Amino acid sequence: MARKHTFPSLKRAEILECIDGLGIPFTAKELDQPTSKAVIPLYEEFLDLFMGLTRQNLEEKVNSLQDSVENFEIIHESLRFTVFYQILSQFMQNICFHDFTIQDLLKPDRNRLQLILSAVINFAKLREERLQQFDDDIQKRESLLETYTLLDAQRKDLEEKVLLSQDRKLESEAIIKQNEERNEEMFQSLIEDKRLCSQVRTEYDRIRMEASELKIRYHNVDSLMASTLEEIEKLQSSIVHSPEKLKGKIADTSLRIQNDRSQQVELDKKSKILHTKLNSLQLIEGDLNACLKVLEECLVELDKLEHATVLLSTNQELCDQIEINKKKLEFRKEQLLKQLSNAQEKLEHEQHSRNQKLEAAKQRMDNIREEYKVITQERNKKIQETEKKNAMIEMTEQKIAGMREELESQISSITMEFEKLKSHVELYIAELLRNLRSSNS
């Protein structure tokens, strides 16, 4: 027994026109002589158009079964066909075509294909008519998705900045630690150099004092030698003729000369020592200048250290601010996700309510069709009776006239009843649409 469907069957020309309007390539020959190779791509286009399931999405669903299925490469095509059939069957159930079978894919029949395409086209028309009722929800959903995408991109950007700041912070801390260690070493070296400088200055002052004393003594010796030479010249003028006295004076003079010579040798030695110490002092003075230059470099490094410390503090504040912004963005993201979830739940609830009301309306239409069928059968019976009475018109003309009037009155009452039922149905559908609009708003 053929299953009854709630949608009207469309004509061949109308089906081809609607499919062409959807932008799907499908010829009249493929509709009249359908094959599996022709209908499977057509159904794939329907899934892509109405469910957003592309061939790539289908491959991803099949590939997700790779870990749970043995010999995946061998049965890949069979798995793909099975998954495709399951999704397509679910789609057919949703558009009220409940007797879709695998034969419709493998060995499609012309009449069933025409019926299936009628179901899809009627669903597309109904979807297009009802789509305006959900425009606000769709726009809100798209707006929320765009906001979520933007916030997610900002969150990733901030995370990258935080990671970069943390890396810079670690590098700055390592550089600061190295600078602190180097500054500590240089500070200790400066303290030692300062101590050595003070010792060298003390030694230098002592040597200068000794040099000045030696210069004074040297001048004294020179003056003494000059006076001695003068005395010798005086003595030469007054030569002593007594040998004993002469020998005594000679001995005294020799002794004085030897003493002067020894003093001169000592003075020469001290002068050489002083020259050596002066050279050492000059070298020490060069070392002191180098130490002063190192000290200036240390001061520059200390300034750099202070600048790096200020920069580190600024980066730390920036990192803290970024963390605060990150937490705010995460909180905002959770709020948006909750709003999106609530909107989706509301949309699903509205769709479920709409489906229930549509099912009720379809059931009512089925009942009306059954009643109309019964009325039509009764009308056919009356017509048959009328034909029999027309055959006997010569015998019972008056009786036939009366029955004809009675039949016409019954037909008019039936027509009026049908019109009433039709007006009730239209009123019910209008009330249903108004309730749907009020529930959506």
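Even glycines carry a Cβ here, placed using N, Cα and C.
According to Swiss-Prot, the protein carries these features:
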| type | residues | note |
| --- | --- | --- |
| COILED | 51-80 | coiled coil |
| COILED | 128-186 | coiled coil |
| MOD_RES | SER143 | phosphoserine |
| MOD_RES | SER242 | phosphoserine |
| COILED | 316-426 | coiled coil |
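For the coiled coil (51-80), the list of distant contacts is 44, 87, 91: same-chain residues at least six beyond its ends, Cβ to Cβ under 8 Å.
Across all of the coiled coil (128-186), the predicted model scores a mean pLDDT of 80. SER143 (phosphoserine) has a Cβ environment of 10 other Cβ atoms inside 10 Å.
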